[in-house]
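Scroll down for the structure; my scribbles are underneath it.
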Amino acid sequence: MLVNVYPASDVRGCVMSNHVWGLLSHPAQEFRQIRQENESVSHIYTHHVLLMAAIPVICSFIGTTQFGWDFGGDRVFKVLPMTALAIAVVFYGLMLAAVGFVGMVIRWMAREYENCPSLNRCIVFAGYVGTPMFLSSIVSIYPMVWLCMLAVIVGVCYSGYLLYRGIPNFLGITEDQGFIFSGSTFAIGVLVLELLLGITVIMWGYGSHIF
């Protein structure tokens with residue numbers, strides 16, 4: 001009888017891919033599983049964040065070069081492929097950095113709690129919390145302004161929900177304490193998102209003059 005033996009890294013990779021559905025359908029249970037896995041920063045980036053962050057980059061590249069931004073009526077704004085590629089690279093790097101920054105914010109805010117997690121765990125947590133925002137950006141493949149804004153709002157709201165559900169178990173605190181903590185963290189996360197959106201608008205709007 002032949003037995004297929006898979007390396008541990010392959011098995012863990014499959015587990016990581018299953019977290020996406022779990023976070024959307026039963027986040028509290030999924031965060032408990034994530035906590036037990038004790039994942040490293042390098043692993044979550046290679047198995048989750050790098051893939052998730054590629055969704056808005058690829059979709060935006062296709063949307064802006066093939067269809068163009070639709071501002072309503074007959075006004076459509078397209079970006080040249082080489083310009084779009086340069087913008088996409090910068091945008092990708094900013095999103096990867098944003099995940100690490102939000103993780104550092106969570107670590108800083110949790111420093112006074114008894115079960116203060118390590119920076120490694122905080123970045124892992126931030127990477128999973130941002131999943132809905134990454135997924136919602138798939139609509140940018142056909143970049144209609146109102147549709148993209150609606151998708152961003154939905155993604156941000158669900159990421160806030162993941163933050164609220166995951167923080168109590170993550171820090172070992174009550175739900176009331178978690179509500180206050182997640183509210184503060186969510187506010188900072190929204191500011192980071194607004195900064196990213198502002199930079200993105202500038203790059204996509206004036207990219208031909210910058211690159």
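Each Cβ is built from the backbone N, Cα and C atoms, and glycine gets one as well.
The domain 'Yip1' annotation in TrEMBL covers 21-194.
Annotation source TrEMBL lists transmembrane segment at 44-63 (among others). Long-range contacts of the transmembrane segment (44-63) within the same chain: residues 12-13, 16-17, 19, 69, 84-85, 88, 91-92, 95-96, 99, 123-124, 127-128, 130-131, 134-135, 137-143, 204, each at least 6 residues beyond the stretch ends and with a Cβ under 8 Å from a Cβ of the stretch.
According to TrEMBL, the transmembrane segment annotation covers 83-106 (among others).
Outside the transmembrane segment (118-138) by six or more residues, the chain places 19-20, 23-24, 31, 34-35, 38-41, 44-45, 48-49, 52-53, 55-56, 59-60, 98-100, 102-104, 106-107, 110, 151-152, 154-156, 158-159, 162-163, 166, 170, 189, 193 with a CB less than 8 A from a CB of the stretch. Look at TrEMBL and you will find 118-138 (among others) tagged as transmembrane segment.
Sequence annotations record features per position, and here TrEMBL assigns transmembrane segment to 144-164 (among others). Among residues of the same chain six or more beyond the transmembrane segment (144-164), those with a C-beta under 8 A of the stretch's C-beta atoms are 23-24, 27, 31, 69-72, 128-138, 178-179, 182, 185-186, 189-190, 193, 197.
Look at TrEMBL and you will find 185-206 (among others) tagged as transmembrane segment.
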Average pLDDT across the domain 'Yip1' (21-194), rounded to a whole number: 86
